[in-house]
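Asks: The structure under discussion is supplied below as structure tokens; questions concerning it will follow.
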Amino acid sequence: MQHNSLIARFAQGNLVLQILVGIILGISLALVSPSSAESVGMLGSLFVGALKAIAPILVFILVAASIANQKKNQHTHMRPIIAMYLAGTFFAALTAVVLSFMFPTTLTLVTGAEGANPPQGILEVIKTLLFKLVDNPVNALMSANYIGILAWGVGLGLALHHASDTTKAVFEDLSHSVSHIVRFIIRLAPFGIFGLVASTFATTGFDALAGYAHLLVVLLSAMAIIALIVNPAMVYVKTKQNPYPLVFQCLRESGVTAFFTRSSAANIPVNMALCEKLKLDEDTYSVSIPLGATINMAGAAITITTLTLAAVHTMGIEVDLMTAILLSVVAAVSACGASGVAGGSLLLIPLACGLFGISNDIAMQVVAVGFIIGVIQDSAETALNSSTDVVFTAAVCESEAQKAKG
């Protein structure tokens with residue numbers, strides 16, 4: 001009986017507080033017994049694995065169900081959300097340019113990242129994304145190709161729009177069932193994050209990062225400015241309300257989990273659950289959240305811009321204002337295609353370096369620096385990208401609700 005009440009108390013407890021306890025315990029275990037900390041890393045791997053496993057089917061079913069059950073003349077308001085995604089990504093690149101010029105970074109270059117194949121140009125990134133769009137639906141689900149999953153989900157939803165009410169009800173019930181499984185997995189987050197934190201501290205330590213402290217400060221400052229100044233300003237313009245309660249809730253409930261899972265895909269179920277908690281329109285967020293995980297890449301734009309300009313400063317290349325603005329545009333467009341590149345934002349650095357005539361050898365050494373600081377850079381980048389998906393979706397939903405009230 002006591003056993004059951006303990007489980008019930010855990011299930012009804014404050015998830016954010018439980019995650020905080022998991023973080024503290026993980027750090028403590030890594031300091032006291034690194035070998036034990038490495039072994040509990042399996043808990044983290046299991047948690048991330050479960051999220052990654054459920055995310056593709058969740059997106060596919062939710063998108064198909066929401067479009068199939070959409071009432072006539074009902075709008076999903078995707079256009080303003082996509083506009084905010086793209087504008088936010090460009091502002092992120094611009095912020096990184098300004099900070100990189102105010103506090104120029106020079107790098108001690110290391111040997112190149114072995115076995116990495118950066119794209120040859122922006123056309124290759126676009127080509128990869130287009131082929132992902134027409135991927136086999138089964139393969140898209142198996143390989144977590146969210147561009148393909150969205151395309152097939154939308155296609156099936158539109159086809160089912162004219163199906164019988166019974167068929168639509170089956171899809172609606174399926175989406176509720178998958179959401180229940182997601183809620184169960186998210187309740188296990190404290191254990192997963194405990195394992196992730198313990199193993200990260202035990203295996204990496206932070207000695208390796210000390211030499212790149214200046215670069216990390218510039219990167220993290222740019223991300224903080226976007227999360228705490230630019231995003232709230234964009235939300236205020238859209239809703240004319242105090243944006244900070246929403247921003248802090250999204251950082252707390254989406255950003256923290258994303259920081260430790262380091263995967264936008266794994267954080268899709270967490271974001272979906274948060275949107276449900278915020279009582280947003282399901283027809284809107286079931287499409288905008290997986291789409292955001294694919295194209296809303298403010299963190300990636302900051303990483304590409306900052307590391308490219310660090311390479312520029314290291315090589316002693318002079319950069320004029322127009323080239324810096326062009327870099328912002330290239331970084332923003334490249335970042336939106338980061339999901340179309342194995343290795344994500346780091347492997348798009350050579351593409352941006354090409355603007356300044358920096359050789360591929362030097363660019364790959366900069367990528368290697370990115371991998372060294374990745375434990376912090378990738379975590380912060382994912383936290384910013386993923387939490388911003390909910391911030392912008394909620395802002396547009398709130399704005400449209402205000403318009404509807406008149």
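Cβ atoms are placed via backbone N, Cα and C, with glycine included.
The transmembrane segment annotation in Swiss-Prot covers 15-35, 47-67, 81-101, 140-160, 191-211, 215-235, 289-309, 315-335, 362-382.
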Asks: So, taking each listed stretch (15-35, 47-67, 215-235, 315-335, 362-382) in turn and counting its Cβ pairs to the transmembrane segment (140-160) that are under 8 angstroms, which one gives the highest count?
Replies: 47-67
Asks: In terms of Cβ proximity under 8 Å, which residues at least six beyond the ends of the transmembrane segment (81-101) contact it?
Replies: 218-219, 221-222, 225-226, 230-231, 234, 238, 284, 288, 291-292, 295-302, 304-306, 309-310, 313, 324-325, 327-329, 331-332, 335-336, 388, 392-393, 395-396
Asks: For the transmembrane segment (215-235), could you work out the same-chain residues 6 or more beyond its ends whose Cβ comes under 8 Å from its Cβ atoms?
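Replies: Residues packing against the transmembrane segment (215-235) from afar: 84, 87-88, 91-92, 95-96, 99-100, 103, 105, 107, 209, 241, 243-244, 246-247, 251, 255, 298-299, 302-303, 306-307, 310, 369, 373, 376-377, 380-381, 384, 387-388, 391-392, 395.
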